[in-house]
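Working notes for the structure below.
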Amino acid sequence: MKIMLNGAPTDIAAKTLADALAELGYDDGPFATALNREFVPAGERSATPLEDGDAVEVIAPMQGG
Amino acid sequence: MQIYGQTIASRLMLGTARYPSPDILKRAIEASGAEIVTVSLRREAAGERAGRKFWDIVRETGVKVLPNTAGCHSVREAVTTAQMAREVFGTNWIKLEVIGDADTLQPDLFGLVEATRILSDDGFAVLAYTTEDLVAADRLVEAGCRVLMPWGSPIGSARGLNNVYGLRAMRARYPDLTLIVDAGLGVPSHAAQALELGYDGVLLSSAVALAGDPVAMASAFKLAVAAGRLAFEADPLLPRDMAEPSTPVLGQATLGGAALQ
């Protein structure tokens, strides 16, 4: 299926958010995730199914003011 | 100063963005004496590891982190960002920014109050980036905010304290609340002025990061904050309109006027 990963169209085979992250190579944190603009805690990723067209955001620490 | 029940010795909070190098960032944090630095969140590509590298640098310094919601222009964005920050950084502190104007980066006070209520109810300790508006401040406190961070002037403008009257009024309104001037400071005298007004602390970023010598400037701000606080505690002289002799006139010899004619 095709999802939007950080704003870019991306093809994945995985059916859950946790599997998608592993498939895409997000294996080393720290990062946090959101699905369709809603926060998905790390503990809920494996129970969070993905559907075609879903918007997934993966964000990590960055410098801030 | 008190931040949600924690005593913080340093009254200077420092941003981590726009430094010439990670090494200069680390040295500037050390020179500033800051115990709290602000951090943010951004998209990361798989395998990029930039977030991990930055997070490792900050953790090496041993300081506490204050995640922000910089760049958020809606309540929903800010709330979701705060929730993600809590998981990534392992803290319920959030420097809450809901930006309302692209030119001045002025906070959207209506959205700020709404986001504060949502996040406070969800267990966050909200440090609200606000203006000196007292009505908004009342609403923020009602919504659960215990640390107000009014702007000195627009973010990155280096203009110092644009509205001293307003900041003074806010200090008078909330004598027991932690108040921190956040944004717009350019030089150490601006920070000293905020502390002289009785503000508990200052949060600054660009003034140090974009200085020609960020490490030296961090030291200068540390000294200014200490001087400003000491001056406040020493009960400063109030301004007056006319001169008042600093040398006593009692006992002064009569050496001029009619007696010499």
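In case you wondered, yes, glycine gets a Cβ from its N, Cα and C as well.
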Per TrEMBL, member of B:GLY144, B:GLY156, B:GLY166, B:GLY228 binding 1-deoxy-D-xylulose 5-phosphate alongside B:ALA183, B:GLY184, B:SER205, B:SER206: B:GLY156
Densest Cβ neighbourhood among B:GLY156, B:GLY184 (binding-site residues), 10 Å radius: B:GLY184
For B:SER206 (1-deoxy-D-xylulose 5-phosphate binding site), nearby residues of its own chain (Cβ under 8 Å, 6 or more apart in sequence): B:GLY15, B:ARG18, B:ILE155, B:GLY156, B:ALA158
Alpha-carbon distance [B:LYS95 (active site, schiff-base intermediate with DXP); B:ALA183 (1-deoxy-D-xylulose 5-phosphate binding site)] in Å: 12
Around the Cβ of B:ALA183 (1-deoxy-D-xylulose 5-phosphate binding site), the count of other Cβ atoms that are within 10 Å: 27
Assigned element (helix, strand, coil) containing B:ALA183 (1-deoxy-D-xylulose 5-phosphate binding site), judged by DSSP: coil
